[in-house]
Amino acid sequence: MQSITIRRPDDWHLHLRDGAILEGVIADTSRTFARAIIMPNLVPPVVTTADAKAYRERILKALPDGHRFQPLMTLYLTEQTSPDDVEAGAASGLITAVKLYPAGATTNSHGGVRDMEKAMPVLERMAKIGLPLCVHGEVTTPDVDIFDREAVFIDTVLDPLRRRLPELKVTMEHVTTAGGIDYIKAAQGNLAGSITTHHLIINRNAILVGGIRPHYYCLPVAKRENHRLALRAAAVSGDPRFFLGTDSAPHVDPLKECACGCAGIYTSINTMSCLAHVFEEEGALDRLEAFASLNGPAWYGLSPNEERITLSKQADPVVFPAKIETGAGAVTVFDPMVPLHWQVSASA
């Protein structure tokens, strides 16, 4: 039986939600991942250090007995965010990063930033203290095609910001385009990118061919095949500027299967099996550890995990549940549309 053992991975972009959904999904992450950067777009959002502290306590309370997992908390950047509160949260060790959502870019982002100038005092303080900014890299102006949002964001928001504050450390989250990959590669320091599991596997055909398939709809939306291949090449390259951020985003089925469905794909339960499949296809299993376990901690100034996991290739496909049942309703699990043969187990 073929197997590989790697350091226990981390997830550098995760939605856990709250309440019954949090309680229903957290084990799928904490079973495999040691740490995760937790997204702050709750209702209401996590905008202060006190909010983050309370949310972290709810996450830890929901952990199953025996699971060792560290939630890395973020703040939701608004035009009213206090630089002093951000600095205090970072100094306490509670706040790992601040998240920029352009208003209206994704789920629960209506309270995000509309005028970047109003957020500059916080961003200047973050640059000074070395606190990373995580960005949802899309513009939301109505005259921009949804498939062009990332490219326009780079040109009109991200690049001007980085020129103005070159000391600011920026994570371009869930990169979806070849242009985004090229922009990160060309950058001179202080820029890295997370890549999701699902964007390595699906292109936009998955959403639209054969009928509307809401469980493949996410934001940023999946792009053309050439972009998917560029993401794959970056992920398997070993380049330390690229690392795993699943953007696993649970929604109960009625919020996905409706006339105006929510964006988000739930991948926490089968991400490592999917990634092993992708890296094997690309002849790069030896670089899976870098992408999932090493590059992210290095970027965020943390040590890699000492624990290991083993992925073993099974003769028969590994069976994952089609849905996760939560107290709020069922959440559909990402279907990669190919059999998965890699199974995760803990290792000494």
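Glycine residues also receive a Cβ, built from the backbone N, Cα and C atoms like all the rest.
Remember, it's a predicted structure, so these values are computed and weren't measured experimentally.
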Swiss-Prot Zn(2+) 1 site partner of His13, His15, Asp247, selected from Lys99, Lys118, Lys128: Lys99
For the substrate site, Swiss-Prot lists His15, Leu16, Arg17, Asn41, Leu219, His251, Ala263; sort out which one of His136, His341 goes with them. His136
Checking Swiss-Prot, the member of His67, His174, His198 that binds Zn(2+) 2 with Lys99, His136 is His174
Would you pick out, from the binding-site residues Leu16, Leu219, Ala263, the residue whose Cβ has the largest number of other Cβ atoms within 10 Å? Leu16
What kind of secondary structure is Leu219 (substrate binding site) part of, going by DSSP in three states? coil
Among the substrate-binding set His15, Leu16, Arg17, Asn41, His136, Leu219, His251, Ala263, as the record gives it, the longest Cα-Cα distance in Å: 19
Specify the nearest of the binding-site residues Asn41, His174, Ala263 to His13 (Zn(2+) 1 binding site), where nearness means the distance between Cα atoms. His174
Other C-beta atoms that fall within 10 angstroms of the C-beta of Asn41 (substrate binding site): 23
Alpha-carbon distance [His251 (substrate binding site); His174 (Zn(2+) 2 binding site)] in Å: 18
Not counting His13, His15, Lys99, Asp247, residues with a CB within 8 A of the CB centroid of the Zn(2+) 1 site are Leu14, Ile37, Met39, Asn41, Cys134, Glu173, His174, Gly245, Ala249
